[in-house]
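I have placed the structure first, in the form of structure tokens, so that the comments after it can refer back to it.
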Amino acid sequence: MWYRVASSAGRSLGPALGALGSRQKHSLPDLPYDYGALEPHINAQIMQLHHSKHHLAYVNNLNATEEKYQEALAKGDVTAQVALQPALKFNGGGHINHSIFWTNLSPNGGGEPKGELLEAIKRDFGSFEKFKEKLTAVSVGVQGSGWGWLGFNKERGQLQIAACSNQDPLQGTTGLIPLLGIDVWEHAYYLQYKNVRPDYLKAIWNVINWENVAQRYMACKK
């Protein structure tokens, strides 16, 4: 069985959060591969639970929170609007982050990027190996739950590595455009790697979809 990604999942969220009066409900994006396609690096049980349970929960909670926010807007209830901001950030971020994450992975992934992305990595980090070591170290070092990211600083025209706590979305909290995200919440790896996060991070490099990351890099340079 194959799962096709809905390409609008990540892009549609931002405008929807800003125009709740005319929004459409968010939906769980499909995967472009089978749940077991990333084995042995990420097993099928993890992928199924991560996608069909955890990501779906963010989608459902985001829709519910937006409905409440829309009601608060209609009533002019600023207090309620402010109170709903953390839920919008958490569930909206969870939806954005995971929609990127699924496309960043591929059963045909791994190795090194090519072309302009590889040249940019060498320019900004010295070498691909140094970049890999730095993003791994930042991801290992996330306290509790969160994400390690490769992002693009449009103002400086440079690649940057960053860590975000919980489900904080990279662009919404740092201004960096997300290119590659590594989920280090325990639900992303615990059933296979227990509490040994470094082993999970070593394995995930074997399924990174560099073609997708390169497409994101070229798109944000325009």
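Quick reminder: no glycine exception, Cβ is built from N, Cα and C everywhere.
If you look up TrEMBL, you'll see H50, H98, D183, H187 marked as Mn(2+) binding site.
Annotated domain 'Manganese/iron superoxide dismutase N-terminal' per TrEMBL: 25-106, in sequence order.
The domain 'Manganese/iron superoxide dismutase C-terminal' feature in TrEMBL is assigned to 113-216. Predicted-model confidence for the domain 'Manganese/iron superoxide dismutase C-terminal' (113-216) is 98, expressed as mean pLDDT.
The residues of the domain 'Manganese/iron superoxide dismutase C-terminal' (113-216), classed with DSSP into helix (H, G, I), strand (E, B) and coil, number 54 helix, 24 strand, 26 coil. Taking each Cβ in turn and tallying the other Cβ atoms within 10 Å, the top scorer among the binding-site residues H50, H187 is H50.
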